[in-house]
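K.L.:
My structure is below; once you've seen it, I'll send some questions.
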């Protein structure tokens, strides 16, 4: 066993020295390697960060949302539903919500208008998200005009902006009071957009949800777990899409690695010949070549990953923002929480280091099995 | 559910493993057919050199399988949120009938690859390569194994359907159905503990004996294989509950999580290594009949038995530590 | 008699590029015994097969047919893996162009053949330094080999050949690039090694070598066959 380690120590020593002697040779491959890891790691860190962000938002979202469906489409829920749900055993609190979308034609942006359940807003005033404040250059005390669906121009005073801590959700928010909301949209007084319910015992969410569905036959009941699963699948699907798109790049990299490993210079062939002639065995040469690949891979992987980490967490993934976040105008300005996860690292490893290793086995073997008497010819 | 980065990575790897073993087997076939140590011809030299390619390929496949086994379990755990009622990896694996078969096939493939590499290592010590034919015949058996493992994994992943919100049809998604079994069936604590320590004690005894008398590896190998299953059953039945301090939570996978101090690695690493060595000690010892291995094969068997014994001690120590440190008490 | 025979060749032939259009019979049916502790020179014009014969003797290549025995043990059918091990323990090589690895120091070059056996590093370094000082080259230990003069490069190559302490030293055309003074120096080193009990096998068509006093046997080759022995 000691001999095993000692031998590999010597072989690594030789590998490091020979990489040092031929610094230029692997540079091109190394750069491509780093780039590939960088792109894949950026995508993966970013989808994971966004997924975490979405999970964090869902944590604080209601356990059950009840919507009303007519002909497969959403329809406002009658206010009576609140009472009906309150009567169900296991339900802790029920609340009707009012919210909707508003398209700002001038800015070509979509806002989310809502009535906050826990924050009173004065009549004629609005509280706006950071994204809107930046887009329309608004500050507290400014006046803002919105065009109601029926063509009226409605004037609001900005009474505050939302802090940027939760900007992923709040960037496009406009908060107003219930009277203003109903008047602005002409929303019927006996309806809510939807109804949310919380449950005493988290284990009974499923039971309560099915009781609600039974009590309100026209309702669609969505639980937080349903949302979580959907988000999870959505982000995985996005990541999968990107991986498919990038598989061409992986393939190109594999071909490059094969080509690089197969195209030994005369000098390198001579060197292997000398090593074999002075008593190195084929498996020693294979081991040296593997260590070479391992060292290049390790360095490239680390470099690519560190660059991606900086890119995603310090520069907010500037290069891939449009592709992965998918919002149109109001990009939330936020920083993802840095997190490295073993599964992602291993996945990227399988997309980069493993193909590289496989691509180089055959060329390495070819190089290592040259005749030991070549140097004598 | 194939459109998922980790699943794609695992599927790509299993395809690569099939290709790698197929190439190895194809070269192995030419070796099997044309091997002639008495010949000084150039062809024989070519064949000899192919043995290096085959063993390199197999070593890479083995290490890839180890990594992919880990990623497979890790991913099953991460996917649990997507299935109604799944709490951890057990739930994800139960979400499709091929989940556990795929996992078991991966583990079996790991052991087969280790056995092959150990036989290969033994053969490389005999100056006339006495095991060449046995070795490459074994390789041909590995091909269906790796194909089967890849097929089961594909069947599992392609059969998975995340329970996702859809805008049509059903109104209620979280139906009150029986969630995918979040738990594994289990033994009562007492018989499970007897099985655990009895099994470990038996293999430990046999490994030490094999170290002294290598011929006993013929008994060690089958016992080690059976004890591996026994230990896994006890881990599911009782050891895991001690870790989680919850008598209802039977899961062999959550042990690997940071919440439980990665104790699963301390348990599984020696268990897998010990079992793999104990199982391969017998085929290796069997080859002492070749004149050129008469010395080397028993020596290898002995050193394998020694390491296996150390591994079983480690498993026992970790299990005992888990039980001693737990807040759960079955017996007072 | 047998205990003085170190290497014995019986009907050894070597064909290059077997089965291809450019097939060459480099060595044909050679019987040869190499004596222990003696200096043997294989002599012949280029193309006479002396280098090919040297690769077969030195276990760098297997004969296409015939038997090679080392110390009475038949090694002609042995797989490369084991042939390499034997070669590493038994032979030291000094190549015609020295074949030192550029970019590495003289010391590292000398240590290289021992890497796969992995002796303790300190011991190996000491051994390499001892060899360098024996060859009066200790001041060049850390010099990259491409900076060495011809004679220094040759002495480095000799040190490299000796690092595993092999009983047999093989040198291919050792004086091909050397002037008279350096040739004399080489012959001096060879004589010292012979005195230490090493067996030396050289190829050469240089009269300064095969007419030297310490040479015990000269085998003349022509067209892959033995023409004359003395």
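Just so you know, glycine gets a Cβ as well, placed from its N, Cα and C.
Pulled these from TrEMBL:
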type     : residues  : note
SIGNAL   : B:1-19    : signal peptide
TRANSMEM : B:52-73   : transmembrane segment
TRANSMEM : B:100-117 : transmembrane segment
TRANSMEM : B:137-157 : transmembrane segment
TRANSMEM : B:192-211 : transmembrane segment
TRANSMEM : B:223-245 : transmembrane segment
TRANSMEM : B:265-284 : transmembrane segment
TRANSMEM : B:305-324 : transmembrane segment
K.L.:
What parts of the chain pack near the transmembrane segment (B:137-157), using Cβ distances under 8 Å and only residues at least 6 beyond its ends?
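P.N.:
Sequence-remote neighbours of the transmembrane segment (B:137-157) are 1-2, 7, 10-11, 14-15, 17-18, 21-22, 24-25, 28-29, 32, 54, 58, 61, 72, 93, 96, 98-99, 101-102, 105-106, 108-109, 112-113, 115-116, 119.
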K.L.:
Might you confirm whether the transmembrane segment (B:305-324) is in contact with the transmembrane segment (B:223-245), defined here as three or more C-beta pairs under 8 A between residues 6 or more apart in sequence?
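P.N.:
Output yes: the transmembrane segment (B:223-245) sits against the transmembrane segment (B:305-324).
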K.L.:
Same chain, outside the signal peptide (B:1-19) by at least 6, Cβ under 8 Å from its Cβ: which residues?
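P.N.:
Here the qualifying positions are 61, 64-65, 68, 71-72, 75, 78-79, 146-147, 149-150, 153-154, 157-158, 160-162.
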K.L.:
Using Cβ atoms and a strict cutoff of less than 8 Å, what residues sit near the transmembrane segment (B:265-284) while being 6 or more residues removed from its termini?
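P.N.:
For the transmembrane segment (B:265-284), the far contacts come to 110-111, 114-115, 118-119, 122, 203, 206-207, 210, 214, 217-218, 220-225, 227-228, 231, 235, 239, 255-256, 297, 300-301, 304-305, 307-312, 314-315, 318-319, 322.
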K.L.:
Which residues of the same chain, at least 6 past either end of the transmembrane segment (B:100-117), have a Cβ under 8 Å from a Cβ in it?
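P.N.:
Apart from its flanks, the transmembrane segment (B:100-117) reaches 55, 58-59, 61-62, 65-66, 68-69, 72-73, 76, 93-94, 135, 138-139, 141-142, 145-146, 148-149, 152-153, 155-156, 272, 275-277, 279-280, 283.
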